[in-house]
């Protein structure tokens, strides 16, 4: 130990012996911190400055005139006037050609073109053939470096805000026009138009009601699939490891939840997984029964208890299948094709048979358990009967799964997309669901918890949509009562009393209250782990390039010819010291200068310090053991950790290869622990990540202290060959 300390102190003395070496030391310490501060500061809250984004608006609307209304109506002009008063974005009003060309050139972030027939289409809401008014939206995706689907902000957020604002303006205009029509209620045409208007409001309320019912059914379906997955897990608890692994894999399966369509598809996919898991669980029942019946003579009470537990689990699964059956039956009216309806009816019939079969099997298991307790020697016959029932159940579930996946699921998936499109066409506000559901894919690591969140979110959306439908129905009823009375004052009072509220409702019928479980102050804070540990790794590479990793023969003699392991560990001290100075300088600036908020500041510092030790020891060991090839290994790990450490993009969005290598990258655990220190700790996730980070030191010690010795001759040969080129250093 004394020689290792002596080596370390000698290194420190040599590193600070003159001005040049001190300047180099300062540079090595400062560079990673500057890298971190610059990038975190640049990403602090880029989407707070959307007012600087130039949006082009081109209005081609020719307006609407009729014999009913004495003045020309131009809803496009009303939209433009509304936007002029809005400072949310930097609006530029120009011609359609200039708007589109400016978007292509990058002059404008995006462009909105109001078509010529905009007012005419809007006025169809007062006819028997109502159509949805549309606005043409152009955006230059080439200008966006970060995909809006990943960040949940940026272009998609801005588009959602535009949709909502436009929808409010359009709907408010429609109600204002309706109020103008009332001024001419003495004509039959005006009365008919108002009646058509109220009929269309009623149709809109009915559509929202249907949508709410469908969403609630999907929420129930998600819950049913989840309970079926869980009961299948219980049923294979005592099965062989392969069956357990398969069912647990299906239970924890994750999928990217992108918007309302993604959430609905997640429900359907979860049900398909549940069928597969259930079939696997029944496939394992026979082997479990064989073991239980075989051991019945020796452990009668234990075997009987296990068989009764199995009966209980099968009865539970039968109840889960009943919930699945009821949820699917509720979705049957929504299916569009006759083939899908026929297939679903076949699935429902098979589910009825399966549920009955499961109850019979559970009864037989309870009877067999009692026979074992009573020492009745009919176990072989009972075993065969129960085994046959298990085989039938597995065959039935396989058939259900096949029919569902091949004939029902495709139609449900298509229906999900159509339903979302229909909801979005009603208003722009449904697009807000995209961000709410999109958060699920990256924030929930456990598949079971993800299903719970998806089901809950869909249920909340259903409730909100139902409330909107009820408010529209109330408006419709009040307006109809006023129309029936023929009292113009009452009609105008209904139309004018709640114009703003109705416009808001129609603009955004689904309002989800997003509650951040572990809130992060801003975008820059969220990227702090990534922009802290990437430069820290680079800093360790710079150390390996700037400092010698071996002691010269003369120095070894001066230090009393220490042993190789003493040189290895003692000389690492200077690398560890500088790495700790690098991360301390970086984190101090992050906390004190940038004001990144960390819930656990001491753990924040501890994570950085441990990461500095692991990273510097990794690079040091690689270079000492493999020479220049070790530096290449360090760079290779840097490249892999740019994407594979879960620092910027959620791993579920990245290719399978990246997901496979992520657990073998030290930065993965640094990022996880750092996020826990910044936003909050869930159970022991912080300490688990820190423990796994420490484990990287073990193989590094093995390489540096034991495996390095056989490589010494090889490294000398490599050095000789590279130096012989008089080019490669």
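Backbone N, Cα and C define each Cβ position, glycine as well.
Per TrEMBL, these features apply:
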TRANSMEM  15-38  transmembrane segment
DOMAIN    23-705  domain 'ABC-2 type transporter transmembrane'
TRANSMEM  530-551  transmembrane segment
TRANSMEM  572-596  transmembrane segment
TRANSMEM  602-623  transmembrane segment
TRANSMEM  635-658  transmembrane segment
TRANSMEM  686-707  transmembrane segment
Worksheet entry | Best-contacting stretch, by C-beta pairs under 8 Å, relative to the transmembrane segment (572-596) and drawn from 530-551, 602-623, 635-658 | 602-623
Fill in: Highest-contact recorded stretch vs the transmembrane segment (686-707), from 15-38, 530-551, 602-623, 635-658, CB pairs under 8 Å
602-623
Fill in: Highest-contact recorded stretch vs the transmembrane segment (635-658), from 15-38, 530-551, 602-623, CB pairs under 8 Å
530-551
Worksheet, complete the sentence: Outside the transmembrane segment (602-623), at least 6 residues beyond either end, the same-chain residues with a Cβ under 8 Å of its Cβ set are 532-533, 536-537, 540-541, 543-544, 549, 572, 575-576, 578-580, 582-584, 586-587, 591, 630-631, 633-634, 637, 666-667, 670, 673-674, 676-678, 681, 686, 690, 693-694, 696-697, 700, 703-704
